[in-house]
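Residues or ranges marked as transmembrane segment in TrEMBL: 24-50, 62-83, 103-121, 142-162, 201-227, 239-261, 273-295. Residues or ranges marked as domain 'G-protein coupled receptors family 1 profile' by TrEMBL: 42-293.
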Amino acid sequence: MPVENHSSVTEFVLTGFPGLHQEYYGLVSAVLFFVYLITLIANATVIFLFATNHSLHKPMYFIILNLSVCDILFSTTTLPKIISRYWFQSGSISFTACFIQMYFVHYFGTAVAYILFQMALDRYLAICHPLRYSHILTKSNILILSITAWIIAKASPLMMVIRAYPLPYCASNIITHCFCDHIGITVLACTDRTPYAIPAFVFAMVVLLGPLAFIIFSYGSILIAVYKIANVQSRMKSLSTCSTQLIIISLYFLPRCFVYLAQNVGITFSADVRIVIIMLYSLAPPMINPLIYCLRAKDMRESLLKHLSEKTNKQNKTKQIPEATLRKPDTSSMDYCKAVQFCLPIKALDMLQFVQNSVAEFFLLL
């Protein structure tokens, strides 16, 4: 394998959605910008709530914090470039920048899978081993698990970049996608990509199916433990604590598994449909996840409502006029005249007359 790149390609061109007519470019870019803006605002709100409310400093919400950070970074890696593709007709990306984007796309995708693994572990211990939960998932342990997930997630994407970057790229430089990924880049190589595609596929399956296997095991164990509870109300309460995590995990894994299975059983999609599906399962969860937290997680919902009510109360207080200002003072006193001159709003003409009189008195004193 060559140790350095000998490609004649110096940049790649992202096509985005291949069949999209030019008159819809502005609409598509506006929609993508709206998705990006909502993703940033929603996930930043989650981070703000966690930072300002000590009641949220629990293992489950620390995992949600990691997921929000990862969602912001993933969206920032992918969306700005494709927005500029349709907004400013700037679809080109330099050779090195494309590989950097590929690395971060796969890195953050891998990190999300490991974070969802922690989420399933949290619910498994909370329901199946409630007496040991507080001893196992301490703040220090969840911090170690989170740091480990972020570090281990680097291995697979780094391997992909190291093996794909030296390949010779001497033919087409058009990537039929909205961002640079391993398959989109390596299919353009002027060599047999099989020795490079198979290890990448194996790593992808390990990253996807490894956490998914534990998630299936954990939620299967949770269902068994819940149905052993005699009290129906307690049973429903236990299931409701898992609903938030289960929705988030389903949004991440189900579309990906569908795409992989469809490819293996021979179901083919057009380029437009395939890219739309990939964009939906890549960009919709980062935007939807914070809404699920704030609507389903009780502590976070109460924290959000508390901040909103405090802000509303402050606005109402600033709009209220003190009762003392509503009483008309004695117009015969000099204090009233000073109050009129210095404390109450003065019209433009009155202000001009006041300034003229003040200047005249000043010169008389001289």
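A Cβ is built for glycine as well, from the same backbone N, Cα and C atoms used for every other residue.
Keep in mind it's a predicted model, so treat the numbers as computed, not measured.
Within its own chain, the transmembrane segment (201-227) is flanked in space by residues 109-110, 113-114, 116-117, 120-121, 123-124, 127-128, 156, 159-160, 235, 238-239, 242, 246, 249, 253, 256-257, 260, which lie at least six positions past its ends and keep a Cβ under 8 Å from the stretch. Residues belonging to the domain 'G-protein coupled receptors family 1 profile' (42-293) score a mean pLDDT of 86 in the model. Between the transmembrane segment (273-295) and the transmembrane segment (62-83) there are 3 or more Cβ pairs closer than 8 Å, counting only residues 6 or more apart in sequence, so the two stretches are in contact.
Within its own chain, the transmembrane segment (239-261) is flanked in space by residues 67, 112-113, 116, 119-120, 122-123, 126-127, 208, 212, 215, 219, 222, 226, 274, 277-278, 280-281, 284-285, 288-289, 292-293, 296-297, which lie at least six positions past its ends and keep a Cβ under 8 Å from the stretch. Looking at 24-50, 62-83, 142-162, the range that has the most CB pairs within less than 8 A of the transmembrane segment (103-121) turns out to be 142-162.
A Cβ distance under 8 Å defines the sequence-distant neighbours of the transmembrane segment (62-83), meaning residues of its chain 6+ beyond its ends; these are 14, 16, 29, 32-33, 35-36, 39-40, 43-44, 46-47, 50, 93, 101, 104-105, 108-109, 111-112, 115-116, 118-119, 122, 139, 142-143, 146, 149-150, 178-179, 248, 282-283, 285-287, 289-290, 293, 297, 300.
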